[in-house]
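Q: Let me begin by handing over the structure; questions about it come next.
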Amino acid sequence: MADLDAAWTRLEAAAKAAGDKRIVEFFDAEPGRLDALTLDVAGLHLDLSKQAWDEAGLEAALDLAHAADVEGARARMFDGEAINSSEGRAVLHTALRAPAGADVKALGQPVMAEVDAVRQRMKAFAQAVRSGAIKGATGKPFKAILHIGIGGSDLGPRLLWDALRPVKPSIDLRFVANVDGAEFALTTADMDPEETLVMVVSKTFTTQETMANAGAARAWLVAALGEQGANQHLAAISTALDKTAAFGVPDDRVFGFWDWVGGRYSLWSSVSLSVAVAAGWDAFQGFLDGGAAMDEHFRTAPLEQNAPVLVALAQIFNRNGLDRRARSVVPYSHRLRRLAAFLQQLEMESNGKSVGPDGQPAKRGTATVVFGDEGTNVQHAYFQCMHQGTDITPMELIGVAKSDEGPAGMHEKLLSNLLAQAEAFMVGRTTDDVVAELTAKGVSDAEIATLAPQRTFAGNRPSTLVLLDRLTPQTFGALIALYEHKTFVEGVIWGINSFDQWGVELGKVMANRILPELESGASGQHDPSTAGLIQRLKR
């Protein structure tokens, strides 16, 4: 513990020293900076040279990782130990993308035979639906899938579909998550029940939002196909076979997963069966392979050359060394536009904790607030604040080096904006440059005195740039695994359990208490504000 405390002190001192300097000057002071802070891994190119650390800051961050025993924690995770201590569970989403026959154990018990058996069932089902061997009740092949889930049962598969979907898919995949009935109505308005397969994703088959939408979907099917016909249009991803049977799902269309797979890590599992069907098994297998490639890198690479470790350390340097409490993730890729929403759950649900496994308060700040959207759209939205606002927000900018999609010339324009923003965030624009430009335009000295400060960019905004060689199932899998392992490393260093989520429970309990009051007029005990709102809604 003393070594860890000392490492934190060194990091904070190094960050303070680096924070008084300009990032662009580090390149002159450190001739090897670009080589030291760029990596090529599994089809991804990472450039961390525009981050706010200098050589001493990077060294202090790596010392902190060693002091926190990141290597030991990494080994314990891959060995299947119960690193989710509050629930006594192993954490083995990595097993879902491991090759058949790999030696993977959860709490000492081999798991790959079961994992591969489920994968083979998924593959057979996906191929049968795509080929038309599995049909609907009226003999028509399925041309659409309605995927119903929420949280990890929605965000991951939805992002995965955006990344993998063909331009003109043979099967239309749509998603419903929210308990707001408008989403269900708008999503299903032009769908044909005779040609739609409904896939319900809920491990316990009790999730309120999911089961409300599942009930609506079943009623929609029954109205068109009758009770028995509706059953032929159902599949489920769940471990509650009694509940799926009662709902009408045939047993051979229920696909399970394991308690060592957390919801926000479950897109590698049968949770994404809908995508495997709609995009094709080869695409889904490529996604698994890309994740496995990043796993191998993370498991074996030394910390100073380890992509997930370095991305995590950059965030810790910003969060804890420089007190940057938010981070913006901007993919310059329409297919990756939902990445920030996915990372909000992955990172903020994993590391949004203020208490460690020992029940003691965390000694330092933990998860940052993650936000973002696709570039170049965000340049016309919140980038004004990013460039000239009073707070500095570190960024991750993500691009795709080569793309054959869309009209000629557009991808180069997209990439030019990506590179320009990364450079502008770092170098900024000096007042002298602005004054010279305005003077050349004949602007008066009085106007220059007021305009120049407004047009000055301080720069010195740190960013990491990630380039995918191409957006393929493999590189997308590597990207998601990169962020998963980054999140794990941060949790280890912060001394928290990244794999439970007690913070989501309280609201569920209270919603279940309030629902009868809205439905039947029952009364309950609430604070004055909540009680007043309930009375207003009862009118």
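Yeah, the Cβs are placed from backbone N, Cα and C, and that goes for glycine too.
Got these off Swiss-Prot a minute ago, pasting:
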- Glu349: active site, proton donor (ACT_SITE)
- His380: active site (ACT_SITE)
- Lys508: active site (ACT_SITE)
- 519-539: region 'Disordered' (REGION)
Q: Going by DSSP, is Lys508 (active site) sitting in a helix, a strand, or coil?
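A: Reduced to three states, the DSSP call for Lys508 (active site) is helix.
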Q: Under 8 Å between C-beta atoms and at least six residues away from its ends: which parts of the chain pack against the region 'Disordered' (519-539)?
A: 513
Q: According to DSSP, which of helix, strand or coil covers Glu349 (active site, proton donor)?
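A: Looking at the DSSP assignment, Glu349 (active site, proton donor) belongs to a helix.
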Q: Can you tell me how the residues of the region 'Disordered' (519-539) break down into helix, strand and coil by DSSP?
A: 13 helix, 0 strand, 8 coil
Q: About how far apart, in whole Å, are the alpha carbons (Cα) of Glu349 (active site, proton donor) and His380 (active site)?
A: 29
Q: Between the Cα atoms of Lys508 (active site) and His380 (active site), what distance do you get, rounded to the nearest Å?
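A: About 37 Å separate the Cα atoms of these two residues.
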